[in-house]
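Asks: I'd like to ask some things about the structure below.
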Ligand code: ATP
């Protein structure tokens, strides 16, 4: 059970319960309360809130019923009609619309009707697919919940920020995004960036003092507004407004921005399509002119030009790429990597270096204190996990330096330890949680200690400073406790406590040897020190530069994540280097790095101080060979990313703190931790791991490579159709023959096969060897020469097959409609067979498992039905100028399909060998 302290009701202005609160809140709608003008406890009294305990759960429920969830109602984005209309603003659709209008003007009503109908269907399909891709991405964006630390019923809890109600007491720390409008009542070095609200990008200091009524919003230092970000310090505030009633909610409701679906690759493809459009436009005009010159009718030549344009433009390409990327994004989400920026999906596949934090990403972040070194004596701690069952030492009394060490660890601590369903949970930093657990094992309950010796002042933990301090009054004397990296505290210590608790001169060498021995076992080492304080001074004024009294060392295990070991091995096989960049001590870091396989025996680590001494050139040289960087300050991560990038690497970098944000932004792929990361880091990242596990980065890279493969497969599959159709038309004109396929038939082929054949490649599972190849060079062309030749080969096969059979049918005296039906079916059958070739660009369909992508089979079966309808249903015959064909024609068509399949198969084999 959590401790409950007295409730804050000293004003006697006991306000009505929930109903009254509602009334107060309703009044706010007309006249808002100037919370900054009220004293903090007055504000709390108005909200019936207690600074010490927060709200009771029952009270939360009734307030939620009144105020609803703490979320801002999104402004509607583009309406469906507008989005549908935008589908028509595409070059190909405009060509089609023009063609429809011209054919109508020429009185060709059927053709015109079909062209316009197809345009409509095309827009509809685009609309649905884009909508699906967008909503998939939008749901993902919301699946990284924003969490806050709240005090409820006297307990610290981590909750989704949507669960807040007015009156909740929220604890703020550096890196938090403010979840609702808060009246601050405590602030220690608290600084916020409020640009989201005020446009001002400089940090503003926050405090708990009362301000004049007319203070402008931007100057209200005692308020923290929803959507702003805390960049340093600690503080606490009471929620005054939630959801739409917050300043952000009122001033500008968040616009439900559609996620950006463009990536460098889709841009490149769109540019390619546009370039092709111009080339084809010129070719179509030439065709038209040549035809006229040869005496063909203007209408026939117009239709040929339209056929050329419709056939040769790869209109489905950008949409298919977006969908393939979106499918990749949802696959990654299933493997616990949430993509926040779509281009990351592509870049992941090219990643050459992953820079990972140690604690929590490569290790479990489940700290358990194993040993304590105090007064020259080593004490072993038993028990595992966060359960306080276990012993400190072998039954000896806990006294002297050992007791002081445990006491300091519990007091200089912001974590909470709760028992939930017979299970012990730490709220806050696991390093601090472990200190609470070990204190309880020795019979010291942190809640009692914190009540007996309340905190008078604090210096919050900061990765750059590497220690934290708190001030307490103990038996009439002020005492400051420090805990942090031993390199920070030991040099500042002049004396130490011996085993009996007596002050003696500090024995540095002995302590250093003990610390290194712990670190060499992979233990995380924390030092504890204290300072008898002058009652008149604050912690900051006292400084911690010297004069500390060393109390002890605490060594805790943080085992490597089992999955990380395998993931590092896979990365190495995939040509990806893994580097550990940690704030921890070099010896601990190296020990863990060796266990995980990041460092080999004999390898050394570079620490932050050595790193600082290197110039950029020197650093570029060092980052080539060093894999473990220890005691690195967050700011140095940025230099490391830059040095790696200067060496031509594609860098993925993890981070969780506020100061990591610049490095996350600079890296090609910034990766934030979903569980342990700050909101600031998540905002800066391209990808968020929902389980903080290194293995999820490896999984995302694997998926990224798979997505890229599938894109290349789609392009390799789709281009021959366009080129083949273009070639058929040009060849027919050059040869002076009738068009083997009409524009409508080309439309039919492109529309149906892109949706039912090509798109199925997006569902292709990842190939088995995807993580055994080196990373794709980022600037490399999408198609290598081998694939370009394959595209040419299949285009020529399509030309020869369809034109050849078309001429043969005519020569055998079949009708034009039958000959054209054969030509159309050649295209579809060759594409279907070629689809199996494209499932892997190097291996045979049998080699990858004929049924490993069922979507392909469903697609092929659907196409078979559609072709049967096109060939045999009279209405379709009339609309598309087709005619029923016989068995022997089908056999010929199939023979062409099989031939194409075999030729491509031989090409694959030949290339695999050379
Ligand atoms: P990583 O960078 O891999 O996550 P880390 O947790 O060790 O590793 P930091 O959080 O930057 O990195 O911590 C740096 C050092 O500061 C730690 O090695 C430890 O000695 C000390 N430290 C960590 N957490 C605390 C804390 N809550 N209070 C005091 N000191 C701490």
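Numbering starts at 1 and runs along the chain as displayed.
Note: Cβ is positioned from N, Cα and C throughout, glycine not excepted.
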Asks: Could you check which of 61-77, 112-128, 129-145 is flagged in TrEMBL as transmembrane segment?
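Replies: The listed stretch tagged transmembrane segment in TrEMBL is 112-128.
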Asks: Of the ranges 237-255, 256-274, 275-293, 332-350, which one does TrEMBL list as transmembrane segment?
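Replies: The listed stretch tagged transmembrane segment in TrEMBL is 275-293.
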Asks: Using Cβ atoms and a strict cutoff of less than 8 Å, what residues sit near the transmembrane segment (787-807) while being 6 or more residues removed from its termini?
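Replies: For the transmembrane segment (787-807), the far contacts come to 712, 716, 719-721, 723-725, 727-728, 731-732, 737, 740-741, 819-820, 822-824, 826-827, 830, 834, 841, 892-893, 896, 899-900, 903-904, 907.
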Asks: How about the transmembrane segment (299-327) with the transmembrane segment (747-766) - do they touch, taking at least 3 C-beta pairs under 8 Å (6 or more apart in sequence) as contact?
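Replies: Stretch pair touches.
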Asks: Do any residues of this chain, six or more beyond the ends of the transmembrane segment (819-836), have a C-beta under 8 angstroms from a C-beta of it, and if so which?
Replies: 717, 720-721, 724-725, 728, 740-742, 745, 748-749, 752-753, 757-758, 760-761, 794, 797-798, 801-803, 805-807, 809-810, 845, 856, 859-860, 863, 867, 870-871, 881-885, 889-890, 892-894, 896-898, 900-901, 904
Asks: Can we call the transmembrane segment (856-875) and the transmembrane segment (887-906) in contact, meaning three or more C-beta pairs below 8 angstroms at a sequence separation of 6+?
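Replies: Since fewer than 3 Cβ pairs under 8 Å link them, the transmembrane segment (856-875) and the transmembrane segment (887-906) do not come into contact.
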Asks: Name the range, of those listed as 84-106, 112-128, 275-293, 887-906, that has the largest tally of Cβ pairs under 8 Å with the transmembrane segment (747-766).
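Replies: Ranked by Cβ pairs under 8 Å, first place goes to 112-128.
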Asks: Give, as a single whole number between 0 and 100, the mean pLDDT over the domain 'Cation-transporting P-type ATPase N-terminal' (34-108).
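Replies: For the domain 'Cation-transporting P-type ATPase N-terminal' (34-108), the model's average pLDDT rounds to 85.
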